[in-house]
Every structure is written in C-alpha cells, then in structure tokens.
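Participant: Can you read through this structure? Questions will come right after.
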Amino acid sequence: MIDILQVLVLGLALGGVYALMASGLTLIFGVMRIVNLAHPIMILTGAFVSYWLFTLYGIDPILSMPVAALVLFVIGLVLYKLVFAREAASAKYSEMTVLLTFALAMSFDGLLGALFSNTQRVTTPSYGTQAIFLGDLFIPTAQLYAGIASFVIIGGLMLFLRYTRFGYAIRATTQNRAAAQLMGVNVEFVSLVTFGIGLALAGAAGSLVSFIFSFFPAKHWEWIAILMSLVVLGGMGKLMGTIVAALLLSVIAAFVGTYAGSTWSTMTFFLALFVMLLVRPQGLFGDRIEEA
C-alpha cells in the first residue's frame, strides 16, 4: 500500500511539471494555431538560465524562476515580431510556422550547444538530494517542490485566464478568432502577448526541470513527442485537457515504470496517443471533428 501511495505522489508531482511544460505549448496553439516545435528548446533555455544563475551566484532555481520567465517572455515577443507576424498573412501560414519553429529549434540547439557544450548538467540545490519521510513513505524533496511550484503557477494561470480582462480576450480569441476581432479584441496584440506568456511558462518550467532532470542542449528532441502527446490527448488548444492528460498519463507512467521498467514508462505516452487518435482524435476535451 505504501509503495502504491509513493508512486501515486511522485506521479502527480511529475505530472504537474509536465502540465506546466505543455501549458505554454497548448496556449499558443489555441490562440495562434501554431504547432511550436521550438517549445521544448525554450524550456531548456529556461533551464540553462537557472543553471547559470545558480552556478555563478548561488541563486536557488525556484527563486530564479521569475528571471527565467522574464527572459523567455522577452524572447517570445522578439520572435513573434521578427518571425511569426511576418507570416500571418501567408496563405500557407500553418505549414510555414511548422518549418519556422523547427528551424528555431535547430538554431537554439546550436546556440546552446556552442555556449554550454553537450555535457549533461543538473542544478544541485541543497534539497536536491534530500527526502521527506512520512512513516514508510519516501518523497524526494526536489520532485515535491517542483510539483508544488508547478501547481501554483498553473493555478495562477487559470485564475488569470478566468478573471482578468486580458485573460478573457485570450479565451475569446482561442474560441473564435474572427468573432473576437469583430467584438473589438485586438487579436494581433493578444497573439503577441500570448506567445510571450507561452514562452514565459516554458522558462518557469525550465527552472524546475533544471534540478529534477539532467539536461543538455539536444534534450529537447526527447520532449517534443511527450509534450505533443499531452496536447493532442487533452484536445488541441484546450488548457484544462492538457493538464488532465499530463496528470493522468504521468501517474500511469509512474506505475508502469515501477512495475514494468523505465522503457515502458516512456512508451505509455506514445501508446496512449496512438489509441486516442484511433478512438477519439479530437482529444479528451476537444470538439467533435465533423467528417466532410
């Protein structure tokens, strides 16, 4: 019973981190209809920002989250203006953005590789090797802190989207871009800021990733399929669906990894994606896809 409870707690903590990692990706898709293949490398950029601040100045990665988020927010604004705003009027906007985000992923991969090399790195705060014992229950402190921080940020994001005027504009643009524009929403400005927010969430997630996973510049290729599976499973552009998918699959993967091995743990995400595409291609929370 203790083993089951321990796996459940760790699965939920990791699920919170995965949910935060994928939340920016699904938010950007909902507003802009961009499949951002560069999102995982932005998470890594945030991880390297926190790693650098910890290595040089001893700043705890949880405390450096606002800095990483701000750096990525600015990068998001610049990239949107320089890259995506130029292609907004293109007849092949969706196809072009896939190629552009792939090129961005390759470019940032090379840049981070040049700056930090491909050596495995991990931020090592004092709690990184500690654990909390509740009777026979063993919970690594780093995973617990990362999970709690993720849930706090996601909760703040949900409140922002639900109760602020700009959050309402984001939700309106996600539901129907043309109708939102007719109602007076500046969808271009909403897209700009949303792209920045999406990358800020990636930066915050990167700070947490920096002390629970070892990482290196090419690590983002391992995350693309996992994050895309969460976004598709939850329903493209559906934030709540992505969160539910992340928690559900992370718990399942934790149990599979414990009792069947780590290889099958990762396969859980891909198998679930395959089954979902066959049975319910619109995802858990997506709208029904009408056949022509």
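Placement of Cβ uses the backbone N, Cα and C atoms for every residue, glycine included.
Here TrEMBL flags 6-29, 41-59, 65-84, 96-117, 137-161, 182-205, 262-279 as transmembrane segment.
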Participant: Under 8 Å between C-beta atoms and at least six residues away from its ends: which parts of the chain pack against the transmembrane segment (262-279)?
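Facilitator: Contacts with the transmembrane segment (262-279): 225-226, 228-230, 232-233, 249, 252-254, 256.
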Participant: Could you pull out which residues elsewhere in the chain have a CB under 8 Å from any CB of the transmembrane segment (96-117), counting only those six or more residues past its ends?
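Facilitator: Beyond its ends, the transmembrane segment (96-117) has Cβ neighbours at 32, 34-42, 44-45, 48, 79, 83-84, 87, 90, 216-218, 220.
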Participant: Using a Cβ cut-off of under 8 Å, list the residues of the same chain at least 6 residues beyond the transmembrane segment (182-205) that approach it.
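Facilitator: Sequence-distant neighbours of the transmembrane segment (182-205): 17, 20-21, 23-25, 27-28, 31-32, 36, 39, 42-43, 45-46, 49, 65, 68-77, 79-81, 84-85, 88, 150, 153, 157, 166, 169-170, 172-173.
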